[in-house]
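I have placed the structure first, in the form of structure tokens, so that the comments after it can refer back to it.
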Amino acid sequence: MSFLVRFGVSLEKELLKKFDTHIKKKKYTNRSEAIRDLIRGNLVMEEWQEGKEITGSITLVYDHHKRELVNMLIDIQHDYHGIILSSQHIHLDHDNCLEIIVIKGKPQMVEELYGKLKSAKGVKHGGISMATTGKGIL
Ligand code: NI
């Protein structure tokens with residue numbers, strides 16, 4: 001169990017004004033929760049930078065008719081089966097496929113996999129969502 005600690009923060013009036021506008025847009029109900037989220041976000045980034053075990057997902061959109069590409073994407077994923085937890089394939093329409101690949105492992109391997117998938121010729125969109133296993137974050 002962790003205890004809540006209160007602390008004061010000094011910052012420029014204008015900066016605080018911008019922060020309040022920002023958190024209002026993001027639908028935070030108070031500054032504390034917004035600050036907690038910023039801290040957590042930074043800790044997650046740090047986990048990725050420091051090479052700790054992380055989790056996340058890769059999203060791809062590609063042309064279903066390019067059979068060589070489809071095979072290539074499958075081959076690449078088989079090479080990285082150790083860090084792929086699952087993948088979901090959605091037939092978006094007659095021509096386009098969406099694939100969501102859930103990963104867990106070392107960031108370096110994940111970035112490598114992501115780079116190969118994203119750069120495959122014919123991939124229309126590649127995105128990555130960086131998440132955490134949650135073990136080191138409250
Ligand atoms: Ni499809």
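Each residue, glycine too, has its Cβ placed from N, Cα and C.
According to TrEMBL, the protein has these features:
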BINDING   HIS78, HIS89, HIS91, CYS97  Ni(2+) binding site
DOMAIN    5-40  domain 'Ribbon-helix-helix protein CopG'
DOMAIN    56-130  domain 'Transcription factor NikR nickel binding C-terminal'
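Taking the features listed in TrEMBL, we show where each one sits on the structure.
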residue	record	contacts (Cβ under 8 Å, 6+ apart)
HIS78	Ni(2+) binding site	none
HIS89	Ni(2+) binding site	CYS97, LEU98, GLU99
HIS91	Ni(2+) binding site	HIS64, CYS97
Same chain, outside the domain 'Ribbon-helix-helix protein CopG' (5-40) by at least 6, Cβ under 8 Å from its Cβ: which residues?
137-138
Looking only at Cβ atoms, how many others are within 10 Å of the one on CYS97 (Ni(2+) binding site)?
20
HIS91 (Ni(2+) binding site): secondary structure state under DSSP, collapsed to three categories:
strand
Based on a Cβ-to-ligand 1 distance below 6 Å, what subset of the binding-site residues HIS78, HIS91, CYS97 would you report?
HIS91, CYS97
Across the domain 'Ribbon-helix-helix protein CopG' (5-40), what does the pLDDT come to on average, as a whole number?
94
Helix-strand-coil residue split for the domain 'Ribbon-helix-helix protein CopG' (5-40), DSSP-based:
23 helix, 0 strand, 13 coil
